[in-house]
Structures are given as C-alpha cells and as structure tokens.
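To keep things clear, I will list the structure first and then write my remarks on it.
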Amino acid sequence: MRQLIAGNWKMNGLRSTSESLLQALRDAAPHALRNCDMLICPPATLIAQAASVLAGSGIEVGAQDCHMARSGAHTGDLSAEMLVEAGAHWVILGHSERRRDHGELSETVREKVIAARQFGLTPIVCVGETEDERASGRETEIVGWQIKGSLPDGFAADSNGVIAYEPVWAIGTGRTATVEDVAMMHAFIREELVRQFGEAGRGVRILYGGSVKPENAASLLRVPEVGGALVGGASLSAQDFLAIAEASA
C-alpha cells in the first residue's frame, strides 16, 4: 500500500498568502505523487480555494474536523456534508489539540467518524499519549482505549479508514519519538486493529505524526507499520512538504 503524506495546516493561512503554496504543490504533483499519496487539510476557510487550485493534480484536500450532526443549532461548527460541498474528501478527527482544547472524548470522535463516512469523507483518526502518560508507562493502555472508543464497527471493512499516531509530547515541540518508540507503538496499534476488526485491520494505514520534517522523514517512514505521515508545521512550506513526500520513495 502506498504511503500517505498528509499536511495539517492547523490555524494557519489566508487566501492571499496560500495561493503560492498551493500552486507550488500543484506544479510539483506529477513528480511528488510517483511514490506516495498526498493530502492537505487547510483551515475550513481555504478548502474551496485549495480544491480549486489542486483540481486534477492528484493531491487531495481534507478538513480538520467536522460535527456529528448534519445541521442544527451548533454555532461555529461545520457538518461533514458542508465540508464535502466545499471540496473536502478527507477529515482529521480526534486530533490531540481538539481533545485538549475542546474536551473531545473518544465517544465524540466515534460519532464524528460515523457522520464523516455517511457523506463520503475518509477519516484520519488521531490517537496518542501525553508525556505524563508515557512517563507512567501507560502509553499502550491510553492508545488502546482511544482506539476502542474512537473507531465504530466497520471502520476497517473497506480499508478506507486511517489512523494517525501522534505522541502528544512531540507535537509542535520539535521533539521526535525515537525510531524504536515509533516501531513499538505502530506495532501495538496494528495488533489492536486486528484484535478489534480481524484481518480487515491489516488494511488500515497508520500514519506517524509528531514533528515530522525533512531531516527525520526518511528514517520514520522506513519503520515497519508506518503507512505515511501526518505533517504539521512542515506542511506550510512547499519545499519541506515535498521533501517529506520524496522521502517516502
């Protein structure tokens, strides 16, 4: 299975400043997509622009969250249907920053996954432990709970779901998990997916996310069971994001 290099722009980018980045990605797509799949998840305000610029390039566009309801009194939220209409085909769900900043529980993430798939969005479900949880030796316990709570029945049935392992202590800190840490956690996640979904669990891509950059991408992407990368800050630079994609070769 081809690796997936996904860029999470987080709360960064304006229409006026994103055009050149999107154009650079579009221009590089024929070369960049030789060995991997690529995806960017800009802020919701930029989804339509990104979808327009990248149309036909092979680089896909996603969102950073969606609400579980189709419509209603949910001020500030966006439904999966709205995101699809804007041009999204993917959605990040359960990112540690949403779990932290918005108090999202795994049960909420599960409902969002169900809603996303109803409208054709492919979910990237994030799991990962904090520094305190790792220090106390509970990293597999925490991630196991998150997998069980966040993934609905049938998540792996059509190999259309993606997991992103993001050690919370490595996100935006410049710290990166060691290759040994990544190998251990990705092997554990694969075991949990097979335990929960049977052989279908072997078809789920497991991305690594946590300060991925050109300097460490090759070593991380060579780790067994690493099916790609969820890239944060480095995805805001076309040069860096494309270098990470090149490392997947």
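For all residues, glycine too, the Cβ spot is worked out from N, Cα and C.
Quantities reported herein were computed from a predicted structural model and do not represent experimental measurements.
The Cβ of His95 (active site, electrophile) has Asn8, Gln64, Asp65, Cys126, Glu166 as same-chain neighbours under 8 Å, each 6 or more residues away in sequence. The active site, electrophile feature in Swiss-Prot is assigned to His95; the stated evidence is sequence analysis.
DSSP assigns Glu166 (active site, proton acceptor) to coil in the three-state reduction, outside any helix or strand. Marked as active site, proton acceptor by Swiss-Prot: Glu166.
Over all protein chains present, the Cβ of Asn8 (substrate binding site) has 26 other Cβ atoms lying within 10 Å. Annotation comment: Swiss-Prot describes Asn8, Trp9, Lys10, Gly172, Ser211, Gly232, Gly233 as substrate binding site.
His95 (active site, electrophile) falls within neither a helix nor a strand when secondary structure is assigned with DSSP, and so counts as coil. Shown in sequence order, Gly172, Ser211, Lys213 are the residues of the chain, 6+ apart in sequence, with a C-beta less than 8 angstroms from the C-beta of Gly233 (substrate binding site). Taking each of the binding-site residues Gly172, Gly232 in turn and counting other Cβ atoms within 10 Å of its Cβ gives the largest count for Gly232.
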